[in-house]
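J.: Before anything else, here's the structure in question.
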Amino acid sequence: MPPVKAEDLVVHAVKEQFAGLDYCITSPPPWITTVLVGFQHYLVMLGTTVLIATIIVPLMGGGHAEKAIVIQTILFLSGINTLLQVHFGTRLPAVMSGSYTYIYPAVAIILSPRYALLIDPLERFVFTMRSLQGALIIAGVFQAVVGFFGIWRVFIRFLSPLAAVPFVTLTGLGLFFFAFPGVTKCIEVGLPALVLLVIFAEYASHLFAKGSFVFSRCAVLVTVVIIWIYAEILTAAGAYNERGPVTQFSCRADRSGIIQGSPWVRFPYPFQWGYPIFCFQDCFAMLAASFASLIESTGTLIAVSRYSGATFCPPSVFSRGIGWEGISIILDGMCGTLTGTAASVENAGLLAVTRVGSRRVIKISALFMIFFSLFAKFGAVLASIPLPIFAALYCVLFAYSAGAGFSLLQYCNLNSLRTKFILSISLFLGLSIPQYFRVYEMFFGFGPVHTHSVAFNVMVNVIFSSPATVAAILAYLLDCTHLYWEASVKKDRGWFWWEKFKSYKYDGRSEEFYRLPYGLSRYFPSL
């Protein structure tokens, strides 16, 4: 055995900017790469859009036509909101799409007893939609106030790398129930998709020099095309003709209901279902989801900043981004998207898979969202891709997003018992508490908090059902209180590495990555 060289024992250097990218936030790739990677970002967020509509619309009494319009509306607003965030928000290459966090309060509003007397399904759909719109508008106002008034800036100023690790990690890991459990709904389609994606993205791209572009840049697209054709062959061969309705829904590639229900051309517009209905308890329920979504978006944006090659966001930039996210949710409520907008976790993972963190790519993906929403018939064809294929993609993409949280450990002293305590307790309870809330509701039909106030029940159950939110609260409080007075704590928690980014003017790279376009920074300066 050869002796170990001294240089091999040197500790890995700390990297404030992720070095494993081919194109960073300010370096756009060639146009062919830009278009192909941008289309993949659209394809990835499409799965979330279809899943949200599939869960909520039938509960409201809507059919295929209503579901198609909702999908079209979510896509259109996602494109608009992504452009707003990339141009005027954080300016990070983050896709803004529908958030899973809003599903819980949305379902609670839909199942409210006051709608039980509505017999006609379409009438029930319209009334519940209008109630959701009112609640979303209030939730958006809350986020806009928190962002634009600088309240979130105060939170970020005291955030250390140690406190950020748990909730950035659980922003990805906390969505595990949308990943492999979705694959198992049609294992003969989902599992091959998962295996192919891993082979193409992580093995073939390094082994085959001639096909490196296809595998490194288009692994998701190639995987989806191959498995979609495979699913079409299984469907045409009658493999699911004798299976149950649940299996057929998950596996069949000819879900023509969405295609038939979609118009050829349609432009979503504000209040297309009528004027919003503002109900006190509905608004409070949605406010809790807005708070949880705010934390999850922050975790996702930290992951995006890593995978785009940018430095850590200054607090004022984070606050600006959250403010624009609030504006996005208000637009969602006006047009009727069922759920609010948040930074897409899966698209953050796609930045790592493609190694392309360019801002221009995300702008192109937003244009794809808008195009396929306006020409809804074409978008409906892609929306008919079996959901287990998307679930297979999420197994890799959510994991990569979680990996961005692990990368922050480079700033921390892992030989400190304080560090181990904060990391372990926040990660463990961040997974354990939400799992308890989910299992409890699965068995009893309601959450552990079950008082006479429905709004209070939903608020508490929503917050403690979010792994990232639970982890963020625990890690932040523990990091800011436990042994805070000891001299070594600042170094152990990685505070000195991020101290230069706590003000916009302390590091020149902040101006390079986060300044507003069109000279707007002169009129809206960052602090």
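Just so you know, glycine gets a Cβ as well, placed from its N, Cα and C.
Copying in the features that Swiss-Prot gives for the protein in this structure:
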TRANSMEM  43-63  transmembrane segment
TRANSMEM  68-88  transmembrane segment
TRANSMEM  92-112  transmembrane segment
TRANSMEM  132-152  transmembrane segment
TRANSMEM  163-183  transmembrane segment
TRANSMEM  189-209  transmembrane segment
TRANSMEM  219-239  transmembrane segment
TRANSMEM  284-304  transmembrane segment
TRANSMEM  361-383  transmembrane segment
TRANSMEM  387-409  transmembrane segment
TRANSMEM  427-447  transmembrane segment
TRANSMEM  458-478  transmembrane segment
J.: Is it true that the transmembrane segment (219-239) and the transmembrane segment (92-112) have 3 or more Cβ pairs under 8 Å, skipping pairs fewer than 6 apart in sequence?
T.: no
J.: Tell me whether the transmembrane segment (427-447) sits in contact with the transmembrane segment (132-152), defined here as at least 3 Cβ pairs under 8 Å among residues 6 or more apart in sequence.
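T.: Checked: the transmembrane segment (427-447) vs the transmembrane segment (132-152), no contact.
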J.: Out of 68-88, 189-209, 458-478, which stretch touches the transmembrane segment (387-409) the most, going by CB pairs under 8 Å?
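T.: Looking at each of 68-88, 189-209, 458-478 in turn, the most contacts to the transmembrane segment (387-409) are made by 189-209.
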J.: With a Cβ cut-off under 8 Å, give me the same-chain residues at least six positions beyond the ends of the transmembrane segment (284-304) that come close to it.
T.: 90, 92-94, 99, 101-102, 104-106, 108-109, 135-136, 138-140, 142-143, 146, 152, 156, 164, 167-168, 170-172, 312-313, 318, 321-322, 325, 329, 340, 342-345, 348-349, 351, 357, 401, 404-405, 408, 454-456, 458-460, 462-463, 466, 468-469, 472
J.: Which sequence-distant residues neighbour the transmembrane segment (132-152)? Criterion: at least 6 residues beyond either end, Cβ under 8 Å.
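T.: Residues 102, 105-106, 109-110, 271, 273, 276-279, 282-283, 285-287, 289-291, 293-294, 298, 315-316, 318-334, 336-340, 527 contact the transmembrane segment (132-152) from elsewhere in the chain.
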J.: Determine which recorded stretch among 68-88, 92-112, 189-209, 361-383, 458-478 has the most C-beta pairs below 8 angstroms with the transmembrane segment (163-183).
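T.: Per the Cβ count, the answer is 458-478.
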J.: Need a quick answer: max count of Cβ pairs under 8 Å to the transmembrane segment (361-383), which of 43-63, 68-88, 92-112, 189-209, 458-478 is it?
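T.: Answer is 68-88, with the largest number of Cβ pairs below 8 Å.
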J.: Quick test of the contact rule: Cβ under 8 Å, at least six residues beyond the ends. What residues does that give for the transmembrane segment (189-209)?
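T.: Long-range Cβ neighbours of the transmembrane segment (189-209): 182-183, 215-216, 219-220, 222-224, 226-227, 230-231, 234, 251, 353, 386, 388-389, 391-393, 395-396.
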J.: Grab the same-chain neighbours of the transmembrane segment (92-112) for me: Cβ-Cβ under 8 Å, and only residues 6 or more beyond its ends, written as numbers and ranges.
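T.: Apart from its flanks, the transmembrane segment (92-112) reaches 25, 41, 44-45, 48-49, 52, 55-56, 59-60, 74, 78, 81-82, 84-86, 128, 131-132, 135-136, 175, 178, 282, 285-286, 288-289, 292-293, 296, 300-301, 304-305, 308, 310, 313, 321, 325, 328, 337-344, 347-348, 351, 357-359, 361-362, 365-366, 454, 458, 461-462, 465-466.
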